[in-house]
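S.K.: This structure is in structure tokens; I'll ask about it shortly.
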């Protein structure tokens with residue numbers, strides 16, 4: 001009975017994090033982006049500096065009609081948002097935020113689970129693009145697929161580098177094995193992982209698959225109301241997951257002063273900092289062209305990732 | 001085709017000068033971060049009234065007492081948005097046995113702000129200073145017909161006309177003051193001329 005309660009509480013906590021954190025990131029994006037552009041951003045919703053803007057957006061989305069185009073593949077079309085959103089919830093369950101058992105569910109092959117499930121998230125956009133019966137959506141879906149192909153590889157390679165360094169594939173195990181000098185050692189891998197993750201989330205500057213001014217939000221062109229909101233939520237949940245993963249793999253998760261009591265705070269702080277960087281990058285850089293995107297992955301990120309693996313291997317052999 | 005070989009963004013620079021790869025990217029990040037720490041440009045208009053310059057063209061006020069129904073404004077208006085009706089009245093002679101005078105009496109003065117293009121020609125052309133610019137601008141209506149402001153409304157705008165901005169320190173004296181000073185100087189000179197004359201008179 002106690003076990004059931006424990007599992008239920010953990011899942012509830014993960015679910016709450018899943019509902020709240022993406023909204024926090026979204027609100028921060030509203031405000032940070034506005035101030036980086038010399039604006040104020042939302043100021044009315046909720047009274048104080050527009051803190052409830054995303055709640056208001058949610059209410060608006062809920063009121064909208066749920067339209068399915070006549071030519072669309074109905075079932076696939078309706079299922080796509082869930083496919084895009086759920087993987088991030090599943091990933092959140094296995095990300096450790098503190099020492100001990102401060103994790104939704106301990107999974108032995110954590111890295112494998114996380115990377116595999118995150119790849120499924122992109123499938124949602126692909127389904128949406130195919131099922132919408134719209135040429136822009138199809139273009140967006142195919143661009144998503146191409147992007148997934150080229151950016152999943154550097155992500156896997158750099159994650160493998162960390163796993164090599166730690167000698168384990170379990171996420172809490174990796175953080176346990178972490179030493180401060182891993183940061184300079186794995187810095188190239190960390191940058192590659194983070195960049196490739198951004199591309200996988202289709203965040204600017206790697207947002208050619210959704211490029212609103214070019215192919216009208218790509219795979220999401222035909223979506224309205226709550227289903228569209230789910231895609232948006234998936235994007236922000238993806239940011240949370242990516243930042244948390246980068247923290248856990250490359251920035252030492254809960255390591256820091258007073259890690260025993262305040263470890264979870266360190267994880268959250270590092271994650272929040274990375275989320276800020278995600279927003280910062282979005283504001284600063286223009287969108288990469290589709291061919292530049294591909295070129296960047298294959299000629300820059302993958303060689304860098306391979307070099308990181310080589311470096312990790314050499315250092316590992318030398319110190320053992 | 002010269003395309004950046006990587007995202008480092010060092011292409012397009014003259015070949016002679018060496019730039020650190022990625023310095024352009026870092027510069028971009030610095031710009032956005034610096035903007036974030038600065039004050040925003042947003043005007044929170046309905047909450048905070050804008051600070052308008054004194055010569056803002058918001059709405060036109062009518063100072064009725066100065067209007068002689070000369071119709072110059074209505075005739076000069078490029079889009080014919082000023083409506084004036086008037087009639088003549090005879091004024092009884094000021095002195096017994098004098099001649100009766102006729103006077104224009106204003107019946108209607110209206111400006112259609114749905115037509116007005118805020119050129120200000122009417123204000124410029126008025127020879128008797130009966131029209132003024134006011135910086136008030138919040139008179140939007142849901143019915144376009146409400147935008148025809150009749151004389152009572154134009155009169156209300158008159159009270160929102162700000163005092164004219166002070167003259168430049170080096171500017172020429174305003175004509176009225178110059179004329180008044182001239183008259184005063186003349187009087188003073190006259191008094192001066194009379195004063196030394198008085199003792200002379202006593203002598204004679």
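Note that Cβ sites are derived from N, Cα and C of the backbone, with glycine treated the same way.
Take a look at what TrEMBL says about it:
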BINDING   B:67, B:70, B:73, B:126  [4Fe-4S] cluster 1 binding site
BINDING   B:77, B:116, B:119, B:122  [4Fe-4S] cluster 2 binding site
COMPBIAS  B:172-185  compositional bias 'Basic and acidic residues'
DOMAIN    B:58-87  domain '4Fe-4S ferredoxin-type'
DOMAIN    B:107-136  domain '4Fe-4S ferredoxin-type'
REGION    B:165-204  region 'Disordered'
S.K.: Please give the sequence-distant neighbours of the domain '4Fe-4S ferredoxin-type' (B:58-87): residues at least 6 beyond its ends with Cβ less than 8 Å from one of its Cβ atoms.
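M.R.: Residues 52, 104-117, 119, 121-123, 125-137, 139, 148-149, 151, 154-161 contact the domain '4Fe-4S ferredoxin-type' (B:58-87) from elsewhere in the chain.
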S.K.: What subset of the binding-site residues B:67, B:70, B:73 lies within 10 angstroms of residue B:122 ([4Fe-4S] cluster 2 binding site), using C-alpha positions?
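M.R.: Of everything listed, what lies within 10 Å of residue B:122 ([4Fe-4S] cluster 2 binding site) (Cα to Cα) is B:73.
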S.K.: With Cβ-Cβ distance below 8 Å and at least 6 positions apart along the chain, what are the contacts of residue B:119 ([4Fe-4S] cluster 2 binding site)? List them in sequence order.
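M.R.: When sequence neighbours closer than 6 are ignored, residue B:119 ([4Fe-4S] cluster 2 binding site) has B:78 within Cβ distance under 8 Å.
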S.K.: What's the CA to CA span in angstrom from residue B:67 ([4Fe-4S] cluster 1 binding site) over to residue B:77 ([4Fe-4S] cluster 2 binding site)?
M.R.: 16
S.K.: Can you check which residues sit near residue B:126 ([4Fe-4S] cluster 1 binding site), meaning Cβ under 8 Å from its Cβ, same chain, 6 or more apart in sequence, and list them in order?
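M.R.: Correct list: B:72, B:73.
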S.K.: Using C-alpha atoms only, work out the spacing between residue B:70 ([4Fe-4S] cluster 1 binding site) and residue B:77 ([4Fe-4S] cluster 2 binding site) and round it to an integer in Å.
M.R.: 13
S.K.: Counting other Cβ atoms within 10 Å, pick out the least crowded of the binding-site residues B:70, B:73, B:77, B:116, B:122.
M.R.: B:70
S.K.: Quick test of understanding: given the binding-site residues B:67, B:116, B:119, B:122, B:126, name the ones whose C-beta is under 8 angstroms from chain A.
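M.R.: Checking chain A against the binding-site residues, no residue falls within range (Cβ-Cβ under 8 Å).
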S.K.: If you run through the compositional bias 'Basic and acidic residues' (B:172-185) with DSSP, how many residues end up as helix, strand and coil?
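M.R.: With helix first, then strand, then coil, the compositional bias 'Basic and acidic residues' (B:172-185) has 11 helix, 0 strand, 3 coil.
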S.K.: List, in sequence order, the residues of the same chain other than B:67, B:70, B:73, B:126 whose Cβ lies within 8 Å of the centroid of the Cβ atoms of the recorded [4Fe-4S] cluster 1 site.
M.R.: B:66, B:68, B:69, B:71, B:72, B:74, B:122, B:125, B:127, B:128, B:130, B:131
S.K.: Count up the helix, strand and coil residues in the domain '4Fe-4S ferredoxin-type' (B:107-136) according to DSSP, in that order.
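M.R.: Grouping H, G, I as helix and E, B as strand yields 5 helix, 10 strand, 15 coil.
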S.K.: If you run through the domain '4Fe-4S ferredoxin-type' (B:58-87) with DSSP, how many residues end up as helix, strand and coil?
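M.R.: Helix (H, G, I), strand (E, B), coil: 8 helix, 10 strand, 12 coil.
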